[in-house]
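Q: From TrEMBL, for reference:
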- A:408-479: domain 'Transglutaminase-like' (DOMAIN)
- A:33-53: transmembrane segment (TRANSMEM)
- A:65-83: transmembrane segment (TRANSMEM)
- A:113-130: transmembrane segment (TRANSMEM)
- A:136-155: transmembrane segment (TRANSMEM)
- A:167-185: transmembrane segment (TRANSMEM)
- A:552-573: transmembrane segment (TRANSMEM)
């Protein structure tokens, strides 16, 4: 009888090449995460990956169970200690990255590798929780390609180069189905990728709920896109009219302007647009984590569900946690609140009890000199124009309690929030109802594509005063100091442009053009892919003449998707069936399964004879029965000309085999 | 009736083969002590019509095994001690001028035997080595333009000192592939060595032949007739494909190696008194057949055959 040389330790580590490839696959998928996860997580994950790669390179044996358990516990503990939880976006992804790096320690079988790769694919998807940019999408496609290739690599004997080609072919084949599902699959409203638990935790740039000196000039150094606008009919209004209305601040205290929730008690703004001054714009707003919807001043309404605030700002029902698209109507000529209620007038003239005495005194003096509120406004603007005020991104510091006084009479350096804040203060001190409006001013035409880009660096603050008979009137004191700010953007009015972001500078180098080009590509990506929601789906279907069928179509798609899933399941099941369709193989597998269940699984290298002999040695009570089964199987599979009687005998014997059944002890 | 008759006769012949093999084994066991596995491997190699390379330090019984094998199988035997100045003609033979006949007469070299022991093959120059290896591959030699058949059976048993010994020319990989098997003997187990020491000091009697060349040829035909079903062929294929995967071995197994593996497994099955091959037969000959043809890339302790054994499923499913 033959003796199989099976002295090697079992189970072994996977082949070195495969181990390296799996490690590389994970490293590639985890790479973008390492940049945005907390540094300590990235450091641990990177260390684990390097360790795994080194172990694979040197073909070191896999660590023992105790070490693996300790490492996994340490990973869990560190995430708990660092985040205080193990769920949620960052904590969850951190844990996943670390545990996957550890999972490499225990990949022994084909099944382990499949589980590992499935989890790696899941990790790949989590990238979308952090970024949905086009570049990330491209990266994810490459990642999907590699993971598919890895799946092929661990599942077959095809050489890795073959796996890459094969994987690419599979992805290309899946493309039409994916495209169809993308277009037709029922769209859910709301963010698909935002996890509510972490939604507020991420640092956001953009307008905020308050305004204090420095809050907007800090935005001016960010060239991130705030919104993109298309004008379906007509074009962008001329530069002086490009005011994008954001949150309005009624209350001043402690050097800070706020739009307190109490403002909600006031009635909604009463807007009377001039008929031929209405502009329509399709706006794509980046996530702000705030509820307001930016629109040209003054907004009339949007197709997004929203309400009008007392300050004539549009508010959505929830915070904007993902990029949205909406259609907004605005009136460039209007009358805003022709009649001012008593409560609103009181709010719009209220000042803190003390502080800034010089400003108050000046305002009182102007009031006595002027015969009408308009005169006070003009007087204040003249003050800004005639005194040596500087428009700068880096103004001298002012005291907190005397910020207005310091700015008006001492430093005379400031950005738009200084001017708007001081002007509004002066108006209130002079008894003229006034408030601060924040938003954006300006915008530039995209190099490619018919749309306009408004960046964070375009953030602006101005004032509104209420004049009898005219309602709220926009007054931009910054324009009095730096008229170029309104005409040519921030760069046109600052002498020290070194602090400005590249995109906000005036010169148009090749790099600038490239950036604009990239922005165009990104805008298309946002417009056609990311912002594709239920409304866009409806619109698209209407355009191709299937609008009325949306419900039916969506149901059909859903049905087909479910059907495809069932088909895949059925095919898999049938393949299993076919593989074991041969009753001999099926019964043999059954015997192996039953022996595995009592603790004697067949090692992959064991032939039937060696396996049977091993189990018989360990369980002499099974020896006779098992010996007959193994002999039958060997005869059927390996010997020449087995008869059908042999098959029947084997099948009957194997089917009756139950190692759990108690047996008489052997004599 | 006649079908049953044939079957009965076949069974009888099988019994005779099994008995014969057993007697050859026993005879050899009296010469090479405590090495039943190596005896089986060498026997399988001869049965598979392959050539055998025995690699070990001097003095562990390489020559004894080769000599014993020739005697027990009743084969004509010749021995060539390879040295660095050995010439191809020393092996193949030369034509010398016969004064009486006034013509050249061919004097056959030691290669013209049924079993040739090429002792310390790696001491000879590559040119001489290749003369022998050509003969092994072709089963014939061409001397002075005339091709001469070496007859059958024809088996070369080469012995080789471990490669790190001085004054040796290592066999190149392409030539190693011509040996069906490479085996090592190793030192005898304790008890057997004591028996060896206690034994008589004078040279042992030659072994009485158990069979003759005709029976061996019959056995070799029986080996070729051993059934190899798809289940085993698929296993062989899996082994070959795995050996060719990138990054596992420097170079994968050749189709010739695959044929060698199959034939060796058939021989092993016959030695195991079976007329069909089991995966276990393949595994039994795997180290001897593949270890000298493969080099693992990771340079670890595991032999190529161990890696193959561990990584390739013996039963599909």
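Each Cβ is built from the backbone N, Cα and C atoms, and glycine gets one as well.
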Q: Restricting to the same chain and to residues at least six past its boundaries, which positions have a Cβ under 8 Å from a Cβ of the transmembrane segment (A:113-130)?
A: 14, 18, 22, 25-26, 29-30, 32-33, 36, 89, 92-93, 96-97, 100, 103-104, 107, 136, 139-140, 143-144, 147, 150-151, 154-155, 193-195
Q: Please give the sequence-distant neighbours of the transmembrane segment (A:167-185): residues at least 6 beyond its ends with Cβ less than 8 Å from one of its Cβ atoms.
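A: Sequence-distant neighbours of the transmembrane segment (A:167-185): 141, 144-146, 148-149, 151-152, 532, 537, 540, 553-554, 556-558, 561, 564.
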Q: DSSP says what for the domain 'Transglutaminase-like' (A:408-479): how many helix, strand, coil residues?
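A: For the domain 'Transglutaminase-like' (A:408-479), the helix, strand and coil counts are 24 helix, 30 strand, 18 coil.
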Q: Hey, which bits of the same chain come close to the transmembrane segment (A:136-155), Cβ under 8 Å, at least six residues off its ends?
A: 18, 21-22, 25, 28-29, 32, 110, 113-114, 117, 120-121, 124-125, 127-128, 162-164, 166-168, 170-171, 525, 529
